[in-house]
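Contents: one structure, followed by commentary.
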């Protein structure tokens, strides 16, 4: 590949010294920066080559003294490699060779060539983690499960297929290694990051693999393969983080479809799914490609003939990919491509047919929150110069606002010019920011940039304390960083701007030399991509593949060592293990080789850069127990966060807690401080909770609404730098009803009932309401489950259990009530109000129905109007000998049924305690009570006996006469009959 220019860190330090000398000599800051920029440009033009390094594994976390480091020089002036004595190279005069460093430490590697080349400082660890996990996945559709086959491999002896992740079974060396690890007690398991579930394998197969079966999942996709702490030849296995979701469908294009591309000469355009970065789409000036495995395989994306003209097909301006379909922006018009259609979106879908400038979607995956009422949440935002649209899962849009309304909100004259530049979602899942361009007299060459934030919770717009002046022709884009606070990175073609700490720290990103124009440091190239991750890394890629690095909350950018030449067509993206990689596109190669991915060792490159810059992290360790991005908090619950920072003595660091969103919680903090061996350790325990009491309030539902919401929090050290590798933990606490929670009565199950539906009749005298006829009821087994059959006189106390999507949580210890859903009233309770400790008369169904006439029985009594009977100040005196109709786990109150007859009862149970849950927790169960056989009527018995006796006597009389007839016919008459006379012959 053609080569690119590269300045070296030694030159950078010299230029920094030169700039300081110029400033001390009285030269203006602007002139000093111009001199330095000119020298940087000259250096980049004069250096004509680059070099890279690789290891056998795609995972650079095992970069150690055991690794075979492949060195590769790209250029024509190579002479030899300059390496330290602690390392050995196979061939010092070969541009491609292998390096081995047997001693841990920072090793300076440099090629000797015709021009002065850049040197890298490679950090080689003496790690005991040498082996890696390998896995394959088979999707099983009939039961929606996935079969994961796992084995161990050593990158230094693995097969080529294993190294490029195309192997279907282990190689011989991997099979032997896996069996040896199994003998030593190794057993892998898959751990899901979000729901924290664990899946274990069966025994090792004859092929030397473990097999794990797990269900397909769309909301728990981040997984880790872990194992026991087992070593072989002093080497352990590294944990493998990866994404595994339900199969993402790739739409194949029928023959005859036509290419859909970006304009000729445009840089590559990339879009990936918010939660599944392996599901992506790449648009080039030749073709558009789609993948579901980070471009290990791909298909072409084309347009059906007759919909777009030739010019339109080569005018793709923006693209956004979803599982439901893909949206293309062509000449201001949005087109939707799904499995069934390729169609233009217009006013019938709620969006303008022309004039659309762009669209965006959420950049951060917040599955657990977004899956709550997902159909009611927007999935993308589109905009024109004057209008902002919100798009939903059906790809229908609604208008959020327009510039006329925004002018009124901002109190701007209608004669001012206000245009929408861009729109982005915040890290807060229900907020979006609109970037506005404003000018009163637009004849000047500058314009003011404003930001307003829309809250979907309150449906309000808020103007932020942010203002930026840019040239009129500047095209501005922006992203919200992975932060609880609305931290922003913005960029035009040449500069990067920042806004940190809720718009209180605003400015322009500069390099250590003070330069803010990144194009001047990259041969005049424009900004192509800005990639952000959850750790706070921000990579700015220029069109000529020069890359800069910015750390979140840091206002300085550093230029990274050149990795790719200036003419290669590339984009940066994340692979299935959430690591940064580079995707190359070369239209001149065979079709199956046109796209190639290459891991990029970002951390190693940063360590090499920081060696010359002298940057260091102010703390040694920052730890916490925040293992999830999403926490749910119900009434009576609390969340305890443990965090700890270790730093050199006298630095005075501390842990900062920042929050954003609804202020619906209170928290307390407990600090512990320790000094030992010149280091300070601060431990902070933070407890989040609510103090609101919902009992005895008149506005129960309104009070609940005021105390529910989403609160975003982050814990961070008070000081940090570019070299701090630990990320600030960011999480959200959703206070409110958890839709996955439900209750069940112990012993009842709807799914394993073998009975069939049946009908029964309830006597009208047994109903709460008066009816003219008996009530016939159809018992639906699927709805009510199997009824529990109770013997004569047996009482029953329901034990209520609380569950969520992961199974049983606990036994409910709160008060609850129940009622028969068909209106039966022929049951009671075994304890009285007095026996349960009541001072005043307790609430009953009869009293609540009397207080709330014309209200459905389900709403007559509940947590909204519950009043306890254990205080003189609440309620009124009355008959305490009445049955107590409130139950709980500890009061031993039981349900009683009449013993004189049998009956079928279908009950609905409701949690009554107003301080137990934001959810309306109810369940249904059925009881079949077996009563005594009722005594028959005396007259009926006498009549029955009379009939039986009459029948018996009648039979006797008839049998007597029948016997006489037979006796006379066959005995008497033959004896008295004269013999017949014989005839004579």
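Quick reminder: no glycine exception, Cβ is built from N, Cα and C everywhere.
Keep in mind that what you see is a predicted model, and the values were worked out from it rather than measured.
Features reported for this protein in Swiss-Prot:
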- 87-101: disulfide bond (DISULFID)
- 130-235: disulfide bond (DISULFID)
- 275-365: disulfide bond (DISULFID)
- 439-442: disulfide bond (DISULFID)
- 617-724: disulfide bond (DISULFID)
- 737-919: disulfide bond (DISULFID)
- 753-786: disulfide bond (DISULFID)
- 838-869: disulfide bond (DISULFID)
- 91: N-linked glycosylation site (CARBOHYD)
- 143: N-linked glycosylation site (CARBOHYD)
- 292: N-linked glycosylation site (CARBOHYD)
- 502: N-linked glycosylation site (CARBOHYD)
- 517: N-linked glycosylation site (CARBOHYD)
- 565: N-linked glycosylation site (CARBOHYD)
- 749: N-linked glycosylation site (CARBOHYD)
- 830: N-linked glycosylation site (CARBOHYD)
- 888: N-linked glycosylation site (CARBOHYD)
- 915: N-linked glycosylation site (CARBOHYD)
- 920: N-linked glycosylation site (CARBOHYD)
- 1-35: signal peptide (SIGNAL)
- 959-985: topological domain 'Cytoplasmic' (TOPO_DOM)
- 938-958: transmembrane segment (TRANSMEM)
Reduced DSSP assignment, residue 101 (disulfide bond): strand
Proximal residue to residue 737 (disulfide bond) among recorded positions 365, 565, 617, 869, 920 (C-alpha distance): 920
Alpha-carbon distance [residue 919 (disulfide bond); residue 275 (disulfide bond)] in Å: 28
Candidate nearest residue 753 (disulfide bond) in space, where candidates are the recorded positions 87, 365, 888, 915 and distance is Cα-Cα: 888
Most Cβ neighbours inside 10 Å, all chains, among the disulfide-bonded residues 275, 442, 724, 919: 724
Cβ neighbour count within 10 Å of residue 830 (N-linked glycosylation site): 15
Residue 915 (N-linked glycosylation site) and residue 439 (disulfide bond), Cα-Cα, nearest whole angstrom: 53
Predicted model, mean pLDDT over the topological domain 'Cytoplasmic' (959-985): 71
Other CB atoms within 10 A, centred on residue 235 (disulfide bond): 19
Fewest other C-beta atoms within 10 angstroms, as judged across 517, 565, 888, 920, which are the glycosylation sites: 920
DSSP-derived class (H/G/I helix, E/B strand, else coil) of residue 439 (disulfide bond): strand
Where residue 130 (disulfide bond) sits in the secondary structure, as DSSP reduces it to three classes: strand
Nearest recorded site to residue 724 (disulfide bond) by CA-CA distance, among recorded positions 365, 838, 888: 365
Length of the line joining the Cα atoms of residue 920 (N-linked glycosylation site) and residue 502 (N-linked glycosylation site), in Å: 37
From 87, 130, 830: recorded positions whose CA lies within 10 A of residue 749 (N-linked glycosylation site): none
Candidates 91, 101, 888 (recorded positions) - the one closest to residue 442 (disulfide bond) by CA: 101
Nearest recorded site to residue 365 (disulfide bond) by CA-CA distance, among recorded positions 91, 869, 919: 919
